[in-house]
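> These came from TrEMBL, pasted as-is:
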| type | residues | note |
| --- | --- | --- |
| COMPBIAS | 27-49 | compositional bias 'Low complexity' |
| DOMAIN | 79-321 | domain 'ABC transporter' |
| DOMAIN | 714-956 | domain 'ABC transporter' |
| REGION | 20-49 | region 'Disordered' |
| TRANSMEM | 410-431 | transmembrane segment |
| TRANSMEM | 443-467 | transmembrane segment |
| TRANSMEM | 488-514 | transmembrane segment |
| TRANSMEM | 526-544 | transmembrane segment |
| TRANSMEM | 551-573 | transmembrane segment |
| TRANSMEM | 635-653 | transmembrane segment |
Amino acid sequence: MMLCFTKFPLSYFRQNDRRRSSCGELPTSSKGSDDPSSGGTTPYSGSYPSSLVGSMDRVTYTWTNMNVYCAQQEQREGFFGWNRRRYFGERKHILKNVNGAAYPGELLALMGSSGAGKTTLLNTLTFRSGKQLDVTGMRAINGEPATAETITALSAYVQQDDLFIGTLTVREHLIFQALVRMDRWIPYEARMKRVEEVISELALTKCQNTLIGIPGRIKGISGGEMKRLSFASEVLTDPPLLLCDEPTSGLDSFMAQNVVQVLKNMALKGKTVICTIHQPSSEVFAMFDKVLLMAEGRVAYLGTSHEACDFFSQLGAPCPSNYNPADFFIQLLAVVPSREETCRQTVDLICDTFENSEAGQKFAQPPLITTKTTFEEEIDIARSPYKAKWSAQFRAVLWRSWLSVKKEPILIKVRMLQTFMVAMLIGIMFFGQELTEDGVMNINGALFLFLTNMTFQNVFAVINVFCSELPIFMREHSNGMYRADVYFLCKTLAEIPIFIAIPVLFTVVTYFMIGLTPEPYKFFNTALIVTLVANVATSFGYLISSISSSVNMALSIGPPVVIPFLLFGGFFLNTGSVPPYFKWLSNLSWFKYGNEALLINQWSDVDYIECEQNTTCPKNGAVVLQTLNFYVDDFYFDILALLGLIVSFRIFAVREVHPSASTSLCLNPTAPPAKTKLEKGAEMSSLRGYGKWAPDVEGVTLTWHDLSVYVPAEKEGGLFRKQSKPHKRLLNSVSGAVKPGTLVALMGSSGAGKSTLMNALAHRNPVGVVVDGDIRVNGRPIGPYMNNLCGYVPQEDLFVRDLTVKEHLTFMAWMRLDRRTSRFERRRHVLDLLSILGLSERADTRIGATGHEKVLSGGEKKRLAFASELLTDPPLLFCDEPTTGLDSFSAQKIVQMMGSMAAQGKTIVCTIHQPSSEMFSLFHELILLVDGRIAFMGTPNNAVTFFESLNYRCPENYNPADFFIHTLSVTPGDEERSRVAVKAICDQYTVSEHARAVDLLVHYERHLAESCEIPSDHHRAPRTKFKGPLLSTQFFWLAYRSFLCVLRDPAVQKLRIVQKLGIAIMAGLCYVGTQLDQRGIQAIQGALFIFVTENTFSPMYSVLALFPQEFPLFMREYKSGLYGVGVYYLSKLIAMVRTFASQF
């Protein structure tokens, strides 16, 4: 049988597991506590409270002939993006006759390369497939057809994307989960005990009182800690069926093994556990009871790992001895770039063989009913998927909502300050009004400003906050945690203090400054009316957010919908002049009821108004109301109407959100071995000499000495002040050096300081971070020139979602390559990268984004991020978790690619989690971090020797990377002893020969550089031969990218123009036939103001909706030196001209 991947000699494969053979049994761990239930030593017992055990019956989940189709469509854009024609072609077959079963007491792993269909299958099993997908086949629980409600009631689902309320702490989040997800008969004490156990088991003790955080706003826990928290949320309930999408992604090998051990312990208790997984180590792979291997949307194998080895051996592809079976299977089933046809033939052969085998035929049979009576009992549970009572849901959601409001600085500080400033401005503008003819007009205008300010301030505040929380609500509600009405009721009650305090503050500041009626009850009436209007606007904001798919859509819909209500408020158009066919719409306007109530409250008891020889001057308040067609008797009706609108908008919002059921630069196997790569690096180092400083020619030697990094730790001390605490130290006096031609792995457990160190070395520290120490490139201090000198692959992938893969790389090629590079060379470079990284078939596919239609898998996005940095061939490259989200085959190819770049004299530093033995052997240098200190720096072989000298011997046939992480990790339940042992290791390294060698190299580099003649502009352009793109080139490509985004988002653009047209027709019908009388003058002035208002708020909020979403990407590209701020804003302005021109 021909294999897709190149077969290496057996001596190439490192002995990376601790078994007697490649598919042997799990050995005894060198670290942990005895667990009699598992028959050996495990990282921790993972025991559950006795009250939670045996509460559910066992579940057998089967799926037969599952097929998933996605309609393919071709889109053509006409003039200005209109009249787009769509041609629907043959549907894309994603899953093809997939059969399988998961049994109680078994841990089933779904494995395969990126794009094999693992996540699609998992989403299908949980009834979470998107609306654009057509699903056929049978899913059954204990032989009975399964429904979405049944799965929700009986299962828990750990999704790949982590969604949390960022203002909660880890403990607060888990307490909330325990309150709403655990069975209602479990007492509160048992819930809290379970929370404590999960915190300890998943090593969250250190961060239990830390805010989860919001990216870009609130610094919180690390990515690994966030993933562990996501998993902790699900294991709280001990569900009979657990499904996990990449539960170990972003975790180090020690924590990954702990997480899988939790899954294994749950399976041992009779639970059914299904998970997808990338890059499992040999130890993790041995924990799986069964594996389901997928390739190209088909099942390649389903059975035990032992049987898998036998199955592939019979096909002529035996798993080599001392080789990780998981890596072997994934490499065998991967489609290798440049050999796609051969690989697909191999995959088809394997899948056909299994499908025709006895095991394959067995899974293709319809399921049998196994426990009829038990399942009927579970159906009763499915009828009510909520485990907590309505009252318990209410208390828990209200508690969390109040914590979120209390800890949210935007809602409290910024909005209160904004309200005070606007109130002061209005108060100063209308200060000291008197009861004269001019005073009547001014007071009426000021009161209407009360309404408009409260409306726009609250509508768009709610849209921004609620749209960001909507994905969390939809996930939690679909998981059966709480009802939609509970959520909205609790949000309303939690926000009442804010939405009362803001209008009251506004009224207090402005009321007496303007000189409104001084009677106390009049003041309280005004405060009540303004508060009711503010809450109507809040409810309306919830409704707009609920019917919108994004913040951008909500902010596009909001202003045009508010304008008609504003028109019928009685200020721009007399209520007596409203056409009969718009009476129904005017009855929905809170501006009408609020304006009438405020004016009645102001003028009803005014008996005299001073007039100056003007026959049109109203003599008293009754005349003012009569002129405006308002009636005193309608005051209480207006109050009731406002209350009714608050309730109605909230009810409609609840109805709307209630979900219905529904590869390497040199892949040649004859590439030079590691020794040759090091010789190449040594050759680059030999170019170093006295009298010159040219890192672009001689390579980059990166050194750092006595480096410490601090972040300010602040404690809330009140509403507008903070009580400062001492800075928190993330790195503690670390030193190191990296030479050219070296590939360095930065390793350590989550929170050890890996990303912090790499950000400091790359001169990319977040705002507020304090760096103390000496960092040098070839002996010279680092500075802004690092943007041109180094590449940086961040852990979070940020892209313009509307671009295709090829368009993104083309944009990067024009923005990052030397201006003298020809168009042909740029295009060839882009195509080469697409081929090398296996993205050729996805070249014309849109990238997509989280929360939108997902078109690129996580692994494909990671490869695209890597390709963006490889375009410039930088001499220094930093990579933050470049293999996260990739299968073992793709991850190894990425590391091989980095090794090939290092062989060309590049300096490459990367953080990495869970490297396999083969991947670990590709690194030349190793830096081990723990608690902000360096535990070791040197070659991997020297690391093994160093730990042996401290009586930490790496067992034979054991992955050294896993051993180091396990040794330096804090064992749950034995934290104190572990920390003492780790501190002793760091202290021993500090006085070792390895540390002295590093210090010697650091001082040598500094002495060598001090003798060099430094170019006067070295801080700006160390790569003297490089010439960046011209401003005209930057402008053209930025504008081109912006134009593409506008053209490919037609829903928002068309909606805006339809809204413009609708408002124009409505305004025309309202003001048709206006005459030049007293009401006509009011109407004409109102029409002109509506013109100004409509063309102010709509464009403004369109920009406010768009720019914050693009801001993280803009900041990343700007800090990378791709373009300047002025060019970016000019290109955005030009791109938006077409949109705004079409609307005007």
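Note: Cβ is positioned from N, Cα and C throughout, glycine not excepted.
Here the structure is a predicted model, which means the values were calculated and not measured.
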> Under a criterion of three or more Cβ pairs within a distance under 8 Å and sequence separation of at least 6, are the transmembrane segment (443-467) and the transmembrane segment (635-653) in contact?
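Touching, no - the transmembrane segment (443-467) and the transmembrane segment (635-653) miss the threshold of 3 or more Cβ pairs under 8 Å.
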> Applying the under-8 angstroms CB criterion, which one of 410-431, 526-544, 551-573, 635-653 scores highest with the transmembrane segment (488-514)?
410-431
> Check the domain 'ABC transporter' (714-956) for me and report the mean pLDDT.
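Its mean pLDDT is 82.
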> What residues elsewhere in the chain lie close to the transmembrane segment (551-573), defined as a C-beta under 8 angstroms and at least 6 residues from its ends?
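Sequence-distant neighbours of the transmembrane segment (551-573): 444-445, 448, 451-452, 455-456, 459-460, 463-464, 467-468, 540-541, 544-545, 582, 585-586, 588-592, 594-596, 628-630, 1051-1052, 1055-1056, 1059-1060, 1062-1063, 1066-1067, 1070-1071, 1082-1083, 1085-1087, 1089-1090, 1093-1094, 1097-1098, 1100-1102, 1104-1106, 1108-1109.
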